[in-house]
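Asker: I have a structure I would like to understand better, so I am pasting it below and will then ask my questions one at a time.
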């Protein structure tokens with residue numbers, strides 16, 4: 001069975017090259033074709049000996065994805081990507097003034113069961129490999145003809161539910177031989193898997209941490225984010241404090257504002273109270289409507305009122321620029337709509 005070549009770190013590929021009897025520098029050349037030139041056809045590896053190219057073709061898959069469809073709202077572009085086994089994932093290309101970002105998936109489906117998220121529709125199918133995550137970047141760079149400088153692991157799936165592959169993915173794209181994307185330009189978003197936060201605290205690369213909080217108290221969060229029954233807000237905040245003490249990195253708390261659910265002034269005051277004095281940033285996200293879920297975004301005036309409460313409490317906060325509601329840009333919507341995936 002062929003292996004995906006992008007599942008290999010540089011050191012792993014160098015070892016494979018040496019085992020074939022070739023010189024180690026061939027690994028540098030192969031990585032240059034894969035990551036600097038985004039080549040997906042071994043026949044384009046013109047400086048690689050024919051015999052080694054043949055060996056690569058026999059043993060490896062160079063591209064694990066194909067684009068099924070994409071939609072654009074004039075700025076962001078949402079991609080539906082099919083894997084070799086027929087499963088599908090989504091990625092979003094996001095152009096900003098500071099550079100181009102990509103929001104990638106880490107799993108096919110998700111088992112976190114967040115109430116407002118389309119990724120959970122149909123349940124969890126499988127983890128993505130490191131190479132399947134890398135291929136989201138390579139394919140979208142090839143299509144858009146734009147270099148990606150920022151990576152957010154905030155698509156379908158829970159990154160800390162696939163932590164070993166996620167760390168390997170980061171090692172590959174951060175390496176100078178690979179994509180050479182700076183660690184501080186990579187963000188992991190989690191619903192609050194406490195074990196993962198502690199592991200990230202010890203991880204040698206200074207990637208960013210974002211917590212999908214969405215509620216200021218356990219009673220409400222238990223309903224919106226069922227994983228809260230295992231990892232409470234208190235557990236998450238304790239882990240975040242440890243992460244900050246180890247890394248001195250500011251943590252982002254994502255808060256999806258849902259009309260009539262978690263957008264009251266009382267909720268804003270509660271949120272300000274639990275985050276006060278911490279090295280954090282709050283990202284307010286007016287929720288995208290999801291088919292089959294009765295959630296809608298609050299009026300702009302209420303979003304601004306919520307924002308003002310946090311600002312007056314001394315908390316750093318932004319309202320996320322709304323991208324992609326017309327293209328079903330929230331996690332999992334394009335996949336569930338295209339394949340008519342329903343709740344399990």
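Including glycine, each Cβ sits where the backbone N, Cα and C put it.
Since the structure is predicted, the reported quantities are computational estimates derived from the model, not experimental observations.
What Swiss-Prot records for this protein is below:
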type: ACT_SITE; residues: 90; note: active site, proton acceptor
type: ACT_SITE; residues: 331; note: active site, S-methylcysteine intermediate
type: BINDING; residues: 110, 114, 117; note: [4Fe-4S] cluster binding site
type: BINDING; residues: 157, 158, 189, 212, 213, 214, 288; note: S-adenosyl-L-methionine binding site
type: DISULFID; residues: 103-331; note: disulfide bond
type: DOMAIN; residues: 96-326; note: domain 'Radical SAM core'
Asker: Quick one: give me the count of other CB atoms within 10 A of the CB of residue 212 (S-adenosyl-L-methionine binding site).
Answerer: 23
Asker: Within 10 Å of residue 158 (S-adenosyl-L-methionine binding site) (Cα-Cα), which of the recorded positions 90, 103, 110, 114, 117?
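Answerer: Near residue 158 (S-adenosyl-L-methionine binding site), where near means Cα within 10 Å, the recorded positions are 110.
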Asker: The record names 157, 158, 189, 212, 213, 214, 288 as the residues that bind S-adenosyl-L-methionine; what is their largest Cα to Cα distance in Å?
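Answerer: Site span for S-adenosyl-L-methionine, by Cα atoms: 19 Å.
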Asker: Just give me the nearest neighbour of residue 189 (S-adenosyl-L-methionine binding site) among the recorded positions 103, 110, 114, 117, Cα to Cα.
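Answerer: Comparing Cα positions, the closest of these recorded positions turns out to be 103.
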Asker: Relative to the Cβ position of residue 158 (S-adenosyl-L-methionine binding site), how many further Cβ atoms are located within 10 Å?
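Answerer: The answer is 27 other Cβ atoms.
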Asker: Take the domain 'Radical SAM core' (96-326) and average the pLDDT across it for me.
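Answerer: Summarising the domain 'Radical SAM core' (96-326) by its mean pLDDT gives 95.
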Asker: Per DSSP, to which secondary structure element type does residue 103 (disulfide bond) belong, with helix, strand and coil as the options?
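Answerer: Strand, per DSSP.
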Asker: Within 10 Å of residue 157 (S-adenosyl-L-methionine binding site) (Cα-Cα), which of the recorded positions 103, 110, 114?
Answerer: 110
Asker: Report, in whole Å, the straight Cα-to-Cα distance of residue 110 ([4Fe-4S] cluster binding site) from residue 213 (S-adenosyl-L-methionine binding site).
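Answerer: It is 17 Å, counting Cα to Cα.
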Asker: For the binding-site residues 114, 213, work out the Cβ neighbour count at 10 Å and name the residue with the minimum.
Answerer: 114
Asker: Filter the recorded positions 90, 110, 114, 212, 214 down to those whose C-alpha lies within 10 angstroms of the C-alpha of residue 103 (disulfide bond); answer none if the list is empty.
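Answerer: The recorded positions passing the 10 Å Cα test are 90.
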Asker: So which recorded positions are near residue 117 ([4Fe-4S] cluster binding site), with CA atoms within 10 Å, out of 90, 212, 214, 288?
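Answerer: Hits: 288.
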Asker: Please compare the binding-site residues 110, 117, 157, 214, 288 by how many other CB atoms fall within 10 Å of each one's CB, and tell me which has the fewest.
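Answerer: Each of the binding-site residues 110, 117, 157, 214, 288 was scored by Cβ atoms within 10 Å; lowest is 288.
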